[in-house]
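These come from TrEMBL:
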DOMAIN    1-493  domain 'Major facilitator superfamily (MFS) profile'
TRANSMEM  61-80  transmembrane segment
TRANSMEM  151-170  transmembrane segment
REGION    241-284  region 'Disordered'
COMPBIAS  246-284  compositional bias 'Low complexity'
TRANSMEM  298-319  transmembrane segment
TRANSMEM  339-360  transmembrane segment
TRANSMEM  372-392  transmembrane segment
TRANSMEM  398-417  transmembrane segment
TRANSMEM  437-460  transmembrane segment
TRANSMEM  466-488  transmembrane segment
Amino acid sequence: MAFVLCNMDKVNMSVAVIPMARDLGWSATERGLVSSSFFWGYSLTQVPAGYISTKIGGVKVLMAGVALWSFGTLIAPPAAHMGIWALCATRVLVGLGEGFAPSAATSVLAWQVPSTERSRAVTTVWGGLDVGSAVGLLLSGPLIRMYGWPSVFYLFAVLGGIWCLLWPLVRPGMQDPLMQAQNAAAANSGVIRVPKLPVGAEASSSAAAAEAIVDARLAAGSMDEMDEQFKQRIKDAAKAAGVPYSSPGSSRSGSPSGSSSSSDPTQPQQKQQPQQQPQQGDRSAVVPWGEFFKSPPVWAVTVAHFCFNWGYYTLLAWLPSYFEMALGLNVQESSFLTLIPYVAMIAMTPVVGPVADGLVKRGVSLTTVRKIAQGLAFVIPAACMVACALLTPPAGVAANVPLLVGLLSVGFAFGAWSRAGLYCNHQDLSPKYASALLGITNTAGAIPGVLGVTSAGYLLDATSSWQLALFLPTAAFQLLGAAFYSIFASSERQSWS
């Protein structure tokens, strides 16, 4: 839900800028300046957000971010009447707040979700961005028509405040016992591995996860650390899965030394004190920043993030204006037609995670799955951008609006495959430092929000060409990203993790 609100507060300006530019006398360059000012703040908080989320956990950081961007949204209307730079300052605040969200959410997911369910979890959570874009576009046009452009800022700010009040009630810092055991087993064994699922078990089933965790715990010799509640969950899950458990001595190694025992592996070897629920974050963690920048897979994700966001952010900011200025539509029509590509992206999102996880379960390597997914997210949208450039008519000539909207929808729909590509890759490389890694790559990903959005306005004023200002630069960066990611990307756990 936080990610839904996140993009609602991005796209409100994409639509509101049309009547604001008319009322306040802005040029295309000034439109681009206002739209890009969000990314000035957004780019500044990426690395700090990753560091802070690693230290104290993403739960608190996410709440602080939502509160800050909601405040910035609330004060935007009066600031706009004070002047363009005052408005830009409020958008910087929104960007600062939203800059905390990706790293914080990545930290929460890495804390809560096992690797066998990661593609689905990431596509669901990050898919909230696409839902937010669609909801924001759906609401903005009618709200502006009925109540004026300030209404979209006030309503979305209030929704953010309500979210902040409800967030602590869902106890987001409580870690699932299955994930807790998997992390403990990995730490005790000194070996990080993707848990092996029992034959025929679904990756999302609790029984499959339980079997994988018992395997990891037996390998680590740490079965004695489980409390009674968790042992019962292991037994129940194993029974549901039809998985027989024998003693470590008969079928499994019960300790690192290989000693055998005829006792039930879910029984403790000695009485232990009840364990407390672990808390997210590690204040003593030393983040290996230097190692990050020596890693080709980290550079692959960074470049891919930059190239993907060049298209995503530039289109997010300029599509409503494109429909109005190039195709001659009004504010409500522009808002509605801009919504359609995002609906296509939302429709594709539920397909992405299960397909990607299914490929992994069938034995396709994780690296191959990530490259296939990200390749689809780059190449097909690039082809659609080139087609839109060719089909956009000169000023005063009627356009084939349904065909253009259809091409944009196909491009956006396949862009959803990035949720199983680069957006999962940080957690593959290092669950421990996933939020710090996302802070780095999302900083690179925020730069197109400044350069791409601003340059589109400048090029539009200079050339009056939507092809040169919007579509062809997007296609070029998408193809560059596809080539770089295909060569250098990997999902192997890194040695510094």
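Cβ atoms here come from the backbone N, Cα and C positions, even for glycine.
Note: the stretches the transmembrane segment (398-417) and the transmembrane segment (437-460) are not in contact (fewer than 3 CB pairs below 8 A, sequence gap of 6 or more). For the transmembrane segment (61-80), the residues of the chain that approach it from at least six positions outside its boundaries are 2, 5-6, 9, 12, 20, 24, 49, 52-53, 86-87, 89-101, 103-105, 107-108, 149-150, 153-154, 156-161, 163-164, 167-168, 172, judged by C-beta separation under 8 angstroms.
A Cβ distance under 8 Å defines the sequence-distant neighbours of the transmembrane segment (437-460), meaning residues of its chain 6+ beyond its ends; these are 27-33, 35-36, 38-40, 42-43, 46-51, 53, 95, 99, 102-103, 106, 292, 298, 301-303, 305-306, 308-310, 313-314, 317-318, 422, 426, 429-430, 466, 468-470, 473-474, 477.
Here the transmembrane segment (151-170) has long-range neighbours at 1-2, 5, 8-9, 12, 15-16, 62-63, 66-67, 69-71, 73-74, 76-77, 136, 139-140, 143-144, meaning same-chain residues at least 6 beyond its ends whose C-beta is under 8 angstroms from one of its own. Remote same-chain residues near the transmembrane segment (298-319) are listed as 10-11, 13-14, 32, 35-36, 39, 133, 292, 334, 338, 341, 374, 377-378, 381, 385, 408, 412, 415, 418, 421-422, 425-426, 429, 437, 440-442, 444-449, 452-453, 456, 470, 473-475, 477-478, 480-482, 484-485, 487-490, 494 (criterion: CB distance under 8 Å, separation of at least six residues from the stretch ends).
For the domain 'Major facilitator superfamily (MFS) profile' (1-493), the model gives a mean pLDDT of 78.
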